[in-house]
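Engineer: Here's the feature list from Swiss-Prot:
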REGION    27-337  region 'Disordered'
COMPBIAS  49-69  compositional bias 'Polar residues'
COMPBIAS  70-86  compositional bias 'Basic and acidic residues'
COMPBIAS  101-138  compositional bias 'Basic and acidic residues'
COMPBIAS  146-159  compositional bias 'Low complexity'
COMPBIAS  160-171  compositional bias 'Basic and acidic residues'
COMPBIAS  202-226  compositional bias 'Basic and acidic residues'
COMPBIAS  234-257  compositional bias 'Basic and acidic residues'
COMPBIAS  300-316  compositional bias 'Low complexity'
DOMAIN    428-597  domain 'tr-type G'
BINDING   437-444, 483-487, 537-540  GTP binding site
REGION    437-444  region 'G1'
REGION    537-540  region 'G4'
Amino acid sequence: MSKKRLHEIAKEIGKTSKEVVEQAQSLGLPVKSHASSVEENDATRIVESFSSSKTKAPTNSVQTNQGVKTESKTVETKQGLSDDKPSTQPVAKPKPQSRNFKAEREARAKAEAEKRQHNGDHRKNNRHNDTRSDDRRHQGQKRSNGNRNDNRQGQQNNRNKNDGRYADHKQKPQTRPQQPAGNRIDFKARAAALKAEQNAEYSRHSEQRFREEQEAKRQAAKEQELAKAAALKAQEEAQKAKEKLASKPVAKVKEIVNKVAATPSQTADSRRKKQTRSDKSRQFSNENEDGQKQTRNKKNWNNQNQVRNQRNSNWNHNKKNKKGKTNGAPKPVTERKFHELPKEFEYTEGMTVAEIAKRIKREPAEIVKKLFMMGVMATQNQSLDGDTIELLMVDYGIEAHAKVEVDEADIERFFADEDYLNPDNLTERPPVVTIMGHVDHGKTTLLDTLRNSRVATGEAGGITQHIGAYQIEEAGKKITFLDTPGHAAFTSMRARGASVTDITILIVAADDGVMPQTVEAINHSKAAGVPIIVAINKIDKPGANPERVISELAEHGVISTAWGGESEFVEISAKFGKNIQELLETVLLVAEMEELKADADVRAIGTVIEARLDKGKGAVATLLVQQGTLNVQDPIVVGNTFGRVRAMTNDLGRRVKVAGPSTPVSITGLNEAPMAGDHFAVYADEKAARAAGEERAKRALLKQRQNTQRVSLENLFDTLKAGEVKSVNVIIKADVQGSVEALAASLLKIDVEGVKVNVVHSAVGAINESDVTLAEASNAVIIGFNVRPTPQARQQADADDVEIRQHSIIYKVIEEVEEAMKGKLDPEYQEKILGEAIIRETFKVSKVGTIGGFMVINGKVTRDSSVRVIRDGVVIFDGKLASLKHYKDDVKEVGNAQEGGLMIENYNDLKEDDTIEAYIMEEIKRK
């Protein structure tokens, strides 16, 4: 069967949804709102109930309006302006009036006042009668019904009087023009009938609702009493269980307490009687004859009783303040749990008394007392030094020792700490082999033969310029090779290669013999303590003499096993691949004797082989993993920078996700390009890696400043003497960091009397506009090694007349600079003051420095000028400008009477009223 919603039924029969809902509820249907659904038969019942109620409505209206006579009234209409033709028209029944609650209250109050005046003494004697409220309620209802009928009769009489008023004053009320009666709907009559039905329904159901509410309250009170009884019973059972576990004396005391607590049930009753204040009589004042004051006093008294009862109920329900209830057994006092003192205590400098108390499970007041007895005045928030903490622990009998602070920024601790590796997880790892030797003795050719790739043909001039790391496989085992350059300029790179290597292959040409770089390679290998395998190359040449090579090496401490030494000698031809297999077998044999082990389960640590800046990838570093396993997305600290491993490629250029021990990989994701030879370590999370990297960068910067600004007695004379020496300023830019260091070291070693090389700046990457600007300011020559300038840098260099030299072979660079130094003339300079300025205000900017706001009082201040800071007539600092601004724009000069801002290189102690003197050194042309 289909269902109907109540609002649909209301729409069909022309009733409101509220009426339909109330009618359905009166019929016993389980509905809640107008959206509830009922069956068709129930819907029929609802409709029929309304039809039956319509038939009863007139009788109800008659009953509610007893004594009201309906008369047909004649109303005078103003048709035209004459009084001769009055027209009469029957008026509809009077509109039933809604209940006037205000009038009812006033009438009820007046009736009560009259009754109290008439029977005041009788009411005082019978004020304890319990049934007086019910009688008063019934009387009030009767009076309200009578008043309501009286009000309606009065309103009807008023209407009749008004009609008479119209007749007396001969005024005709305006009426609408009559319309034909026809089948017109009388909306007023219908509204009156609906209102009468609502009043009848309300009066019929009000008593029922009141009874339901009272029943619900009684049920809730009953449930609350049951819950209290159950809780009390559970509490008594728990108390009995505790009493059984307690000792006998305590049990006897508790029995007495329980007996005493169980008897005074009358105490609670007496408290209630006292709270109801039954012993005090209620006095009603009769000063006001209409009884309004008595009514107000009674009302206030009832309100006070309600507040008092509510307060009492809250008091009884408040578990924290149940002082009057003794029907339950008192809770036993919990004793403080005793904690044993620790045997050892690890402290840090500056711990507070409260922290120490928490660690040793004692009250801070107890420790403060002990310190006072020791002669130390302290509060619980006061920090203590290490000696005081140790004395305090001695008083407690605890062995105290200071906590060892671990420097998270120290990467070297991973290499020095033997506990970092787990001896049970050590496994065999591939050997790291470094090929060393003199230039053009065939190192890259040997690697080319090993890897079957033409590496040597790609090097400019046939010389290896930077370290390469490669890995090959022989007899199922991997061997990692490091190719170090053989030129003398790359001494530091060879030293780095020897520090990470396990075996050194010293390659010597059979026709050239031992050369200076060969001896240097021997010394590096011996300093690193690694075994040496000598590969005598170019034995296919006609002038080859291997015996001479063996004897020359013996003079430098490298003795063949055939002569009773420890070094293996293998005669090879790298060009034709002769005896290469024998060389690899010798490497594996020596590696097996060395017992090379690694722990692959720890976080990776290792060394940077090479680093460079790539235009598309950013900082790229070649790493050699020495311990642990390096994974993609690992947070890593490399040298003085940090980052996350974004991508890894092996020596063949293939992407890999994991790199184990002795594996060379090239990674991206670093913030800056590190230095070749820096150590790296993987941290637990990126936050720790960032903190360690920033701390290392800060320490490196501080160390650099200390080195550049430190003047000692040993170098004081050299510093003063350096002013007489001419210098050639150069800026070095190269493709990799190793080439930058090697080129700078080679240029500084050039020995020309009276002239020295000053490397103003050296970095990795292409030559940019900043390098040109620096070269212009410092009068330097830019040397690019395997890099080219950007188009913007070339245009700026042409405009500023800055010289840029590009090279791909290191020999050419050294020769060119040496010739320039030999032909260097000694120019003369004189100082020229450009202008003076006064510091008006200073601004300190974090991570930038101190900015001085100034006004030029004489001359001008240019961007490339040197400045002196003069305070009270004394020169405080002499240096170069770091920046010069006019408002927010970078400018080359600030003129007289103009304001601007400046920063001075390596100086942040500017103060107001300091004098800035700008000057330049002009070259005096020789005549």
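First residue shown is number 1, and so on along the chain.
Every residue gets a Cβ built from N, Cα and C, even glycine.
Quick caveat, the model's predicted, so the values are computed rather than measured.
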Engineer: Which residue counts does DSSP give the region 'G4' (537-540) for helix, strand and coil?
Structural biologist: 0 helix, 1 strand, 3 coil
Engineer: Tell me, by DSSP, whether D440 (GTP binding site) is helix, strand or coil?
Structural biologist: coil
Engineer: Quick test of the contact rule: Cβ under 8 Å, at least six residues beyond the ends. What residues does that give for the compositional bias 'Basic and acidic residues' (202-226)?
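Structural biologist: Same-chain residues near the compositional bias 'Basic and acidic residues' (202-226) but 6 or more away: 22, 26.
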Engineer: Run through the Cβ atoms and count how many others sit within 10 Å of the one on D440 (GTP binding site).
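Structural biologist: Its Cβ has 16 other Cβ atoms within 10 Å.
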Engineer: What is the number of residues in the compositional bias 'Basic and acidic residues' (202-226) that are helix, strand and coil, as DSSP sees it?
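Structural biologist: Counting residues per DSSP class in the compositional bias 'Basic and acidic residues' (202-226), I get 25 helix, 0 strand, 0 coil.
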Engineer: Where does the mean pLDDT land for the region 'G1' (437-444)?
Structural biologist: 79
Engineer: Return the single residue from the binding-site residues list (G437, K443, I539) that has the minimum number of other CB atoms within 10 Å.
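Structural biologist: Selected from the binding-site residues G437, K443, I539 on minimum Cβ neighbours within 10 Å: I539.
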